[in-house]
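See structure below.
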Amino acid sequence: MIWHVQNENFILDSTRIFMKAFHLLLFHGSFIFPECILIFGLILLLMIDSTSDQKDIPWLYFISSTSLVMSIAALLFRWREEPMISFSGNFQTNNFNEIFQFLILLCSTLCIPLSVEYIECTEMAITEFLLFVLTATLGGMFLCGANDLITIFVAPECFSLCSYLLSGYTKRDVRSNEATTKYLLMGGASSSILVHGFSWLYGSSGGEIELQEIVNGLINTQMYNSPGISIALIFITVGIGFKLSPAPSHQWTPDVYEGSPTPVVAFLSVTSKVAASALATRIFDIPFYFSSNEWHLLLEILAILSMILGNLIAITQTSMKRMLAYSSIGQIGYVIIGIIVGDSNDGYASMITYMLFYISMNLGTFACIVLFGLRTGTDNIRDYAGLYTKDPFLALSLALCLLSLGGLPPLAGFFGKLHLFWCGWQAGLYFLVSIGLLTSVVSIYYYLKIIKLLMTGRNQEITPHVRNYRRSPLRSNNSIELSMIVCVIASTIPGISMNPIIAIAQDTLFF
């Protein structure tokens, strides 16, 4: 009898919870419709994987890519709608958040074709790989729209857990296992530091968790200039620093880049930067509005260290992926300039524009690395010598992406950096912009060093990897080359038409 009553109570409680969740989804689901499309794609992948004995690989890729493209279409369809707060204050939808969600979806859409042949050659589990990519994308999208401390903590953890699993996906590779262990340990430590900073923010504001309510709480409690806020700022900056990977929070980056599967590195190198930048802009600009001088100083130090250390250490690297790891550390220093400038002087617009170009430049470079690695089995920079004599198309594509990363005119990277530095100069960040210009020259040096190797025709410099280079006859190469062509075009042509891109970015500058 007692068991029967308890069972009925359990059923009633479960029904209430389900009805409440259904009610929230029914009345607020339109606000997270792009995320719902991804969730439906995830469910569809799981259903196909559990019901089908034979894996239809093209069909799995089609479902993943279609769900991402449909999410992008849903975002564009609701462009310029009024900002709304939904799910009892957990999420906020506006153009500023949606532009970051668009960038994350764009990264994932371009990364999936890069992984097709790689996964087939390495015989990795396909369904799980796609599930992790889509789930990480979902976590990044929720992070961009998060409006309270709990969601801001849970969403990046969803992204991070999938990132840990993806970085260690090649379980037989010792380097991959080592990279995953370091990534997991440092990621766990940074998450604990971040949540500790949130606890100081929560207590100082009188128990508020929504971002705008935290500001109101700090005003009511007169704690907006207290030592507690300074402590919260330091801990949160360190926690976000791990996600952005500026110096000195960059130790995990080179090992993870070198040890992880190359398509995974391509995915993490852009999506993590976009998601962390979205988090940084909202956290620093809203709850720490009254501490702008303090967090400006902290970010300036991080930007200077990142630009100097990242670009100087990149010169000495012999692995292409490690070189790009240190290059990305330097690149995030440029992005931080836009975060510091903020809403004034088009700082956010310049940051968004540069990140759009960075996605195309970086993914284009990684597409070339994936293709070269599959055909030669090496990642050593020295082994790229003479590639132009065997595969001019691949060599020219890699050269264009590297030159754009370095910021040479008239490529997109040059105009992106020019606008970013100009906004920083107008905001009075003269020293920071000067460091950025000098380190950009340093980056051009090591990019040109690689391009010189690509174009060499002297037999004594060409390694056996290029001498025995053969273009793969596999049809699946087309997907990698398609992503590569799209990224190369996006790294070159948009630089000529900067004004429309900047104008679109400027339209997103409201919260």
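Think of each number as a place in line: the chain as shown, counted from 1.
Cβ coordinates come from backbone N, Cα and C, glycine included.
What Swiss-Prot records for this protein:
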TRANSMEM  24-44  transmembrane segment
TRANSMEM  57-77  transmembrane segment
TRANSMEM  99-119  transmembrane segment
TRANSMEM  124-144  transmembrane segment
TRANSMEM  149-169  transmembrane segment
TRANSMEM  183-203  transmembrane segment
TRANSMEM  227-247  transmembrane segment
TRANSMEM  323-343  transmembrane segment
TRANSMEM  354-374  transmembrane segment
TRANSMEM  395-415  transmembrane segment
TRANSMEM  418-438  transmembrane segment
TRANSMEM  484-504  transmembrane segment
Among 57-77, 183-203, 227-247, 354-374, stretch most in contact with the transmembrane segment (395-415) (C-beta, under 8 angstroms): 354-374
Feature contact check the transmembrane segment (323-343) with the transmembrane segment (418-438), CB under 8 Å, 3 or more pairs: yes
Stretch-level contact, the transmembrane segment (354-374) and the transmembrane segment (57-77), CB cutoff 8 A, at least 3 pairs: no
